[in-house]
Every structure is written in structure tokens, then in C-alpha cells.
């Protein structure tokens, strides 16, 4: 049984990124995690009016429940990254699932909105972070060519949750109350613990070095061969010089020159070979760490790497995420109340979230196909979607009837699907930071987003309280999304400038290396060439007396 369990749940070892395999199971797990994290957060708007009436609080005060939850979700991203790098993805996600369920269930027994700040905001918010980020990170490691498509499909879980939860809990709370609905929701969220069990670590084991007869060379064998051949080279040179001195007292400098040049070439070749040995050792250490339950690492990676903050392209992309977050959650939170304020019946208003959810699914699927086909910067596709989203948010403020709001909800849901499913996986693209730096950059990126998550819903609620118009919340969302588009447009130029600077540094280093090699070659020719030696003038051109 132990062997069977290990074979089913132990690490997966592949010679290269599988682009499938167990990755499909991980994709299913991520789908369910999306349902229980982002899907639930975006569906909490159905309880907004109930909380205001139950606790006698204003809109902005109740909005802080969602705001604190989103803030803790994003702010604790570096903690999630460090724990994942230290203990592995599986135990972190399982712990997160427990915290989500605990926070949601205990929220049903709170007696004030302040207590909900702790249960839903802090406890459940931390659980959301520990569950979501490790799952999407390991999913990206299982795929390469299909990464955008698979991530988009799996992330449609939040859209399915919005489509099902919004009308279901709107109807259910009329029969059993909002508190019982939260208990049921918390029990459903406990399934995240099972999703964490399915997250098998992945090990990429490169092909080993081969001998001429295709036999595998171990690290010790490579070191032994290098030392032996290096010793033979030194012995050969020494014996040639010694033999020449004992036989006639005359040393052939031209022959020694050839021997030394050959020895130099052989030594350089062997040194290049030896340089590969530490890489193999590092790979073996990384494999042992992975088999012990840790993440993929062949270089002893840091628990949290803030070096990505030196990349101007990443800074611009993080600012994009910061401002875009202002428009991510407020529309779902206020669309029902906006519809009611404009004459739409309560039961029909809840279907606005369902319209968003259906359109969101189509947006996620389509953007995955498009990103797999494009041959230019994928951030440009994302930029177009963000610009259109800001225009749709403005349109919410000028329509009044049911069908106008439904159409705007559909367009927003579609664009939200394209942006929401790609803005984090886009970090794995070379346009931003690349797959090697993604595990660390995800934590830093989401951490920066956290501040907008904290400010977004309360800002919208404050504007609603001041203007007594729910449309004001959508103006703030449109402004934030517009600023995010500007920052995203700067990612490409910033990345190109960084690449040019790195290229110049490499070229300068190569020129210095070539210059040093040239100087060394000239030195050998001056010292060793017999035709240039003053001792050999007037003597045989092939030798001189020592």
C-alpha cells in the first residue's frame, strides 16, 4: 500500500516539461480551488444587503469585509511563496483549505461586522492565499506550449461558481437565512483540502551526459577522468622537457611550443567539461530535495527572491496589477444593488452575476486559444482587453434598463475572463519575467496588488454613500483600469531596454575576454617562437643551446 500511495502521490519525474500527464489532474484541482476562492469572493455581493440590515451598518463599513479579505489574500502572497518553497505546495494548499472552511463557517456565528473582519477577512483571506497561489504556480510548471489555454480553462472555475452560487444562494437565503448559507458554503470549501492532496510535485530531470559508447557517466567518473587526463598532460610536458635536457643538453623550443599549445587546448576543453560537473551535482541535490517533498530547485533557491524588483518591466507590470485590481471586485460587489436602484426586480438583479459568469467562461476559453496562436508580445493582447474593460465600466454609469445592464454585464464578464485568467500566468512569459522566476515573482506581484484590493471596495462604498448613487463606484473602477492600461503599455519598452542593456554588458565582457586571449597568445609567440629568440640567431632555426 505504501508503494502504491507513493507511486500515485509522490513526485513526478520527467525529462522535460510534460505539457500534460498528471498536469491534467492538477488543472482539475485548480478548477475546484478557483470555485472555492475567487468564485466565492465574487459571489459575496448577494449577502451585502443582508449584512447591512443585520448589523445596522453602512455600505462602506460592510464593504470592508470583502476589502480586508482581498487585502489579506494578496498581502500574504510572500508568506505563501516562502511556505511553498520551504514545505512544498501540497501541505500549504491543504492548510489553506482548512482555514477557508473555518473562516466561512465561523462567520455564520458572528454578532457584528467587526467579527466578520476577522473571520471572513483575516482567517478566510489567508486561506484563500495559501490555496490559490501554490496551485496556479505548480500548474504552470506542468505545461509549456499549452500553458495559456489550460490555465484559462481551469480558471473558469470562478465563473462557474458565480453562475451557480449567485442565484442559488439568493433563493436559498430566503428559506434558511444567510447564516445557514455560509455554513453550507464553508462545507463546500473544505474540498480544497482534497485538491491539495492531488498536487504532486514535479521534477525535471535532464538527460545525463554520455560517453562515446553511450554509457552514462557519473559525477565521480567525470571528475576522475578529468584529473587523470590533466595529470597525463602535465606528466607528458614535464617528461618531454626533462628527456630533451638529459639526452643532448638541447631543448627544441619549436617542439615545446607545439606541445604547450596542444596542452593548452586540451586543458581548456577539459575545463569546459569539468564546468558541467557542478551543474550535474546541483541537479542531483535538487532532485533529492524534491523527493523529500520540497519544490523543484537545482540551485538552492531562496525562500523569497525580491531581485525581480530590479527589473523595470516587472515594476511596470506590477503597477498594472495594482491599478487593475481596483476594477476586479467592485463591479461584482455592487452590480446587484446598482440594478435594484435602477428599477430591476431583486430576483432578476441577481442574474446579472450569472450573465457575467457565463460571459467570463467564454472570455477565458477564447483568450487561451488566442494566446496560443499569436506570434507577437502577448502583453499587447492583454492591453487591448484592459482598454476595452475600462470603456465598459464607464458604460455601466449611463444605462438604466435591464437589458442595457445585462449587455454591459456580459461585456464586462467576457473581458474580466480574459484579464483575470491571464494576468498572473503572464508572469511566466519571457515578455515579463519568465518561468524560472515565476515562483518568486508571483508572491511579490500579488503582494503589490494587495493595497489596491484593500482600497477598492471601501472607495466604491464611500463614493456610494456620498453621492447616493451606485454608479459612482464604477467610475472609480474605470479610472483604476485606465491607469493600469498605461502601466501595461510600458512593460514592452521597459523590457526591451533591459534586454539591450544586458546585451551590451555581455558584448563588452566578450570583447574583454577576446582581448585577454589575444594578449596571452602574443606573449607565448614572443617568448617561445625560435625565430624571434635572440639566443637562436645564427644557429639552427629549429633549436638553440641552453
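Each Cβ is built from the backbone N, Cα and C atoms, and glycine gets one as well.
Caution: TrEMBL annotation is automatic and unverified by curators.
Note on TrEMBL: of 1-20, 61-80, the range annotated with the feature transmembrane segment is 61-80.
Per TrEMBL, the range carrying the annotation transmembrane segment out of 290-308, 423-441, 442-460 is 442-460. Listed ranges 242-261, 262-281, 402-421; the one TrEMBL annotates as transmembrane segment is 402-421. When each of 61-80, 92-110, 472-491 is scored by its Cβ pairs under 8 Å to the transmembrane segment (379-396), the top-ranked stretch turns out to be 472-491. Taking every listed stretch (21-41, 61-80, 116-136, 314-336, 402-421) in turn, the largest tally of C-beta pairs under 8 A with the transmembrane segment (442-460) is reached by 61-80. Spatially, the transmembrane segment (61-80) is not adjacent to the transmembrane segment (472-491); fewer than three Cβ-Cβ distances between them are under 8 Å for residues at least 6 apart in sequence. Of the candidate ranges 92-110, 176-199, 314-336, 348-367, 314-336 contributes the most Cβ pairs within a distance under 8 Å of the transmembrane segment (472-491). Only pairs six or more apart in sequence are counted, and the transmembrane segment (314-336) with the transmembrane segment (402-421) gives three or more Cβ pairs under 8 Å, enough to call it a contact.
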